[in-house]
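Peer 1: Attaching a single structure in structure tokens format; questions to follow.
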Ligand code: FNR
């Protein structure tokens, strides 16, 4: 199988694998308020996350790394949809394009289709500071995501095994980068201990990338002769990971992983995230129904955010985090136990 065929296979598995039966966003209920006092038409959903000005708290999270016509087409369409709806977009890992210049056009198309939009570059934590800068320059990116995906690598037969330089590399990238650096998980979530270490390295943006949606243990296990299936349910669900992250008030938290619709996104904001990313759910719409339906879907999510603002009487996205909510079931159990530690 060629590299670009492998990528397509990867996308097929990422969209087609079985999802967790329980999504932990269903353990969060926001308290309803009856006395709406705002004008829906006057609502505005733009927001600020540290240095990043966003016209929506929603962004398309990192997908489709590597070269090939199909990945270029997906990136082009995601970029057009992001540009038409004004939302931010992260590209998939640029590591392979940094080594293979012929793959650069798969990424450059994203900036070409969306010249004024907010675009995030994406590298692995094995990138040197110079390579990370090249990745940002390739897209004139507004921020850089560094993905950490230990379990995915360990399950992949050809994956990385040595992470002994990881913290040093992350720190060096942060020191030399002149755009915000976001350290992101890919669906396993971040604990408060992880975020503490990142905060000590001077990282002030994290994307918790929690469990609940695209599950890379399942995706990679589908390619292994002897799967490490016992790790299929490993990881911290997204709502829990957002709550874990709040221990560090200097870190801007982005919520992602398993966000199915606008109300899950609103719950992420109510729990304390400042923006939310969606990957698999948006890619599925694009691949199965096309770009026009994807644009409608993003506009629908924006309507869901505004409906929630009406119900909570809030005029700014940043106010979601002060709204009352109740936790149930597994999420409450986790939070209760971790409180006493
Ligand atoms: C991803 N994701 C990802 N993340 C990353 O940092 N670099 C990457 O190259 C990729 N590649 C990638 C490909 C495909 C096909 C998918 C679906 C996802 C992970 C993604 O950004 C996100 O963290 C997880 O998918 C969890 O979010 P969802 O899908 O549950 O919304």
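FYI, residue positions are counted from 1 along the chain as it appears here.
Heads up, the Cβ atoms here are built off N, Cα and C, so glycines get one too.
What TrEMBL says about a protein is an automatic prediction, not a curated fact.
Fair warning: this is a prediction, and the values are worked out from it, not measured in the lab.
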Peer 1: Which residue of 4, 34, 93 does TrEMBL report at the same FMN site as 62, 63, 64, 122, 184, 214, 258, 259, 260, 279, 280?
Peer 2: 93
Peer 1: Near ligand 1, which of the binding-site residues 6, 122, 153 are found, taking a Cβ distance under 6 A to any of its atoms?
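Peer 2: By the Cβ criterion, which requires under 6 Å to ligand 1, the hits are 122.
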Peer 1: Which ones in the same chain are close to residue 64 (FMN binding site), with CB under 8 Å and 6+ residues apart in sequence?
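Peer 2: Non-local contacts for residue 64 (FMN binding site): 7, 11, 71, 74, 75, 78, 91, 92, 106, 283.
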Peer 1: Which of these binding-site residues is closest to residue 279 (FMN binding site) if you go by CA atoms: 6, 152, 153?
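Peer 2: Ranked by Cα distance from residue 279 (FMN binding site), first place goes to 152.
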Peer 1: Between the Cα atoms of residue 122 (FMN binding site) and residue 153 (Mg(2+) binding site), what distance do you get, rounded to the nearest Å?
Peer 2: 16
Peer 1: Just to verify: the residue among 6, 7 with the fewest other Cβ atoms within 10 Å, which of the binding-site residues is it?
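Peer 2: The binding-site residues 6, 7 were compared, and 6 has the fewest Cβ atoms within 10 Å.
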